[in-house]
Amino acid sequence: MSSAYCSSAVAVSAAATASSAATFNPLLSSHSNSQLFYRFTPKSFKLVANCPNPLILHSNIRRHRFFCAAETEASSADDEIQASVEEEEEVEEEGDEGEEEVEEEKQTTQASGEEGRLYVGNLPYTITSSELSQIFGEAGTVVDVQIVYDKVTDRSRGFGFVTMGSIEEAKEAMQMFNSSQIGGRTVKVNFPEVPRGGENEVMRTKIRDNNRSYVDSPHKVYAGNLGWNLTSQGLKDAFGDQPGVLGAKVIYERNTGRSRGFGFISFESAENVQSALATMNGVEVEGRALRLNLASEREKPTVSPPSVEEGETEEASLESNEVLSNVSA
C-alpha cells in the first residue's frame with residue numbers, strides 16, 4: 001500500500017473528526033478503493049503508528065483502534081476488532097467478578113466463626129458442660145460449651161456459651177430452649193452480646209476449673225486426637241477402668257479457652273502407665289481414636305519444648321514442663 005494511500009486515509013479520518021464532533025458514533029465510511037474502520041472519541045488523540053499496519057490511537061480516557069484495510073479484507077477486519085474488544089471486556093468483567101467473589105468469601109469466612117455461638121443464661125448452678133452439651137445436642141452439632149465460674153468461689157455464675165455447628169442449628173437451639181426448663185430453672189438463650197473482657201473471663205474460669213481437680217505425677221500419658229468437647233472429667237472417666245489413675249486434664253488455648261485437642265493423664269506408677277498405653281491406645285472416645293504416648297517431665301526446662309513430628313498439628317506445642325518421649329505405644 002502506497003504512502004499516498006495512507007495519507008489519504010488519515011485525511012479522511014481527520015475530516016470525519018472535524019465534521020462529526022462529540023455526537024459521532026463508530027461507523028463504516030465507504031470509498032471507491034478502500035474502506036476505513038475506526039472508533040471515534042471527541043477527546044484529543046495521538047497518532048502512534050502508520051498505515052498499512054493498524055493505527056493505534058490513545059486518548060486521555062480510553063484506548064481506541066483505527067484500522068485501514070482493503071475492500072476485500074474489510075469484513076474480516078471488523079469481525080476481528082469486535083471479537084478482540086468483546087474478549088477484552090469479558091476478561092475485565094470476569095476479573096471484577098472474581099475480586100468480588102474473593103472479598104465476599106473472606107467476609108463470609110470471618111463472620112462464620114461466631115455465627116453459631118449462643119448465650120445461655122439462668123442455668124442451674126450444678127449443671128456441667130457435658131450435661132449442657134447433651135441437651136443442646138438435640139438441636140444439632142455442638143462445637144463447644146463454656147460455663148462461667150466465679151473467680152473467688154469457683155462456683156458457677158449460672159450462665160455460659162454454647163457454640164453450634166451452624167447458624168441454622170443455633171437458631172433451632174434458640175427456638176427449642178429459650179424459656180424452657182432446665183434443672184428447674186427457666187433458661188434464656190439468645191445470640192450473645194459479650195462485654196469487653198468477657199471472653200477472657202470465660203477462658204480463665206474454664207482453665208481454672210480444668211486444673212482444679214488435676215493430681216500431677218511424674219508418671220503421665222500424653223493423649224492426642226481428643227474430641228473438641230471432651231472435658232478433663234470426661235478424659236478421666238475414659239481411663240476409669242485403668243489401675244492407678246490419679247487425674248486428667250485437657251489443654252486449652254490461653255486466648256480463646258477452646259480445647260487444643262490433647263491432654264494428660266497421671267498415674268501412680270510407671271507400671272500403670274505402660275498398662276494404659278497397651279490397653280487404651282487407639283480406643284475411640286467420643287468418636288475419635290486416642291493417640292497415646294509416654295510423657296515425661298523436665299526438671300529444669302531451659303529451652304522451648306521440641307517440635308512434634310510432621311502431621312501432629314494439634315499437638316504442635318506442649319506446656320513448658322511437659323514433653324513427649326520417643327517411646328512409641
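Glycine is treated like the rest: Cβ placed from N, Cα and C.
Residues annotated as transit peptide in Swiss-Prot, with sequence analysis given as evidence: 1-69.
What Swiss-Prot lists as compositional bias 'Acidic residues' is 77-104.
Sequence annotations record features per position, and here Swiss-Prot assigns region 'Disordered' to 77-117 (among others).
A mean pLDDT of 90 is what the model gives for the domain 'RRM 1' (116-194). According to Swiss-Prot, the domain 'RRM 1' annotation covers 116-194, on the basis of sequence analysis.
The domain 'RRM 2' feature in Swiss-Prot is assigned to 219-297; the stated evidence is sequence analysis.
Summarising the annotation, Swiss-Prot assigns region 'Disordered' to 296-329 (among others).
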- [ ] Would you mind splitting the domain 'RRM 2' (219-297) into helix, strand and coil residue counts from DSSP?
- [x] 18 helix, 34 strand, 27 coil
TODO: Using DSSP, tally how many residues of the domain 'RRM 1' (116-194) sit in helix, strand and coil.
DONE: 22 helix, 29 strand, 28 coil
